[in-house]
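So that you can see what the record holds, here are the features copied from TrEMBL:
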- 1-20: region 'Disordered' (REGION)
- 71-173: domain 'FAD-binding FR-type' (DOMAIN)
- ARG122, TYR124, LEU139, LYS141, MET148, SER149: FAD binding site (BINDING)
Amino acid sequence: LQAMSDNEQDWLALRPQEPSPSQCCGSGCKPCIYDVYQKELAQWERAKAMQDKSLLMEKKEQSNNSELNPDTFTAFSVSSVEQLTEDTYQYKFELPGNSSLRLSLGQHIVLRGVVNGLEVQRAYTPISPRNAEGYFEVLIKCYEAGLMSQYIKTWKRGDLVFWRGPFGGFPYQPNKHGELLMLASGTGLAPMISILQSITDDEEDETFVTLVGCFPTFDKIYLKPLLQDLARYWNIRIFYVLSQETSLENLPWSYQENTFTGRLNEELMKTIVNSCRRKPFVLICGSSAFNEDMSRYLKAAGIEENSWFVF
């Protein structure tokens, strides 16, 4: 057998590598990492057919123009790290000049990390105001055994971190819905924050909002000062459901009347839906198990499936 020619080997070395499942964040991004791979593979096949390597030069794996881009990863510098609870952190990233991410409401961005030589990608929703200039902030929960968490825990000020996006989002329009009912578990609070802030920033927007935040304990409620500020608006109500608290007596009195202990179950869902001032459109964000439970409870409370949106 004739050994593979040097030319063939050169071309094989240039062939794009198919992503591994760990590289897909599973959030239905467009383009997905697999779409990017197909595009690069077609480019490689075209260049190989024409024996012209210069056709591969347009491949931009990482961008240095510091603009967020859905196709390529861009490096952003960590400007601060703040620990919110024992396992949750708020990370702030620098944006060049006074630029802004310009995300639509509830959009997420995809983070790339390399852990033990394995590339991993995960989606996160920035919690900074949409018009924030010169920075953006992300809320991240780190898991003991999580691959990406191992990488994130090493971040410190000045580190460069690669992001691409934006993707997804909820097509929110002011005053389109009489009331929004937001059901958020843990860091599922993130996409709700930008929508809440856009409502409170717009004096013309008279949408009522009922936010239900589900956390294990009072200590694990994120962003308390921000939520307290938002709850002062005439059209915003915030409830907390604390699955591991047994009594409300230990909580500050300002939280006692709007907090429930135990889990958000079918009965509590009916109570909350019935307390809404208008028929609600529902936004749901949490783990897949949480999202499925909420959908089931909403049906039982008489909300049709076309009246909710899952992030």
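The backbone N, Cα and C atoms fix where each Cβ goes, and this holds for glycine too.
Annotated features taken from TrEMBL, shown on the structure.
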residue : record           : Cβ within 10 Å
ARG122  : FAD binding site : 21
TYR124  : FAD binding site : 23
LEU139  : FAD binding site : 23
LYS141  : FAD binding site : 17
MET148  : FAD binding site : 20
SER149  : FAD binding site : 19
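Within 8 Å of the centroid defined by the CB atoms of ARG122, TYR124, LEU139, LYS141, MET148, SER149, the record's FAD site, lie the Cβ atoms of LEU111, VAL138, ILE140, CYS142, GLY146, ILE152, THR187, excluding the listed residues themselves.
Confidence over the domain 'FAD-binding FR-type' (71-173), given as mean pLDDT on the 0 to 100 scale, stands at 89. Secondary structure counts, DSSP: the domain 'FAD-binding FR-type' (71-173) has 6 helix, 49 strand, 48 coil.
In this entry, ARG122, TYR124, LEU139, LYS141, MET148, SER149 make up the residues listed for FAD, with the farthest two CA atoms of the set 14 Å from each other.
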